[in-house]
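Asks: I am attaching a structure below and will ask some questions about it afterwards.
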Amino acid sequence: MADIDGVTGSAGLQPGPSEETDEELTARFERDAIPLLDQLYGGALRMTRNPADAEDLLQETMVKAYAGFRSFRHGTNLKAWLYRILTNTYINSYRKKQRQPAEYPTEQITDWQLASNAEHSSTGLRSAEVEALEALPDTEIKEALQALPEEFRMAVYYADVEGFPYKEIAEIMDTPIGTVMSRLHRGRRQLRGLLADVARDRGFARGEQAHEGVSS
């Protein structure tokens, strides 16, 4: 079977039922994969930072996903499998040629839930100053996230926006779990510093409290 951007042989893939017709395959894809389009577009937009590139990336991802869908094992994590294809397609096709980030309305990015989801693991961002950051508009959080190095940005995105556990992030990013944990820790630390600066500038944080935990 052809390599679907590095996902062949990974968890979730095995020879599919040979008796499945093309019509049945299409129906299964539409039933299981299409409902995840909005979430995948959010991931594509985080990667490319440009709506036109995000749409192109999503389209290419879904074409590849459909091509390999007959071998996807029903009952395993389809979302993680699709994100793996999305990530590898971005790395292989878009990272080197992507357009410059464009200005676009904040409502196009509605999936950012870092403040409310930061507690999902023991290394989450929850702290006194982060409580105040919940008052920040999404555009400030978006800009802070985009300021992170790519490998940190994507680790934070997958963990705190999409809610993937370490193991699945490691599969998506094709990197060891220890590396994922390190990138996530460092990314969250940098993001907390960036957001604390914004909060202090906007008057949300008070004096020395805003510096606790972010000055080192």
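We count from 1, first residue shown onward.
Note: Cβ is positioned from N, Cα and C throughout, glycine not excepted.
The shown structure was predicted, so the numbers you read here are calculated from the model rather than taken from an experiment.
Not my notes, these are from Swiss-Prot:
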- 1-24: region 'Disordered' (REGION)
- 37-99: region 'Sigma-70 factor domain-2' (REGION)
- 56-59: motif 'Polymerase core binding' (MOTIF)
- 140-191: region 'Sigma-70 factor domain-4' (REGION)
- 166-185: DNA-binding region (DNA_BIND)
Asks: Determine how many residues of the region 'Sigma-70 factor domain-2' (37-99) DSSP places in helix, in strand and in coil.
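Replies: For the region 'Sigma-70 factor domain-2' (37-99), the helix, strand and coil counts are 50 helix, 1 strand, 12 coil.
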Asks: In the region 'Sigma-70 factor domain-4' (140-191), how many residues does DSSP assign to helix, to strand and to coil?
Replies: 42 helix, 0 strand, 10 coil
Asks: Suppose you look only at the DNA-binding region (166-185); what would the mean pLDDT be?
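Replies: Summing pLDDT over the DNA-binding region (166-185) and dividing by its length gives 89.
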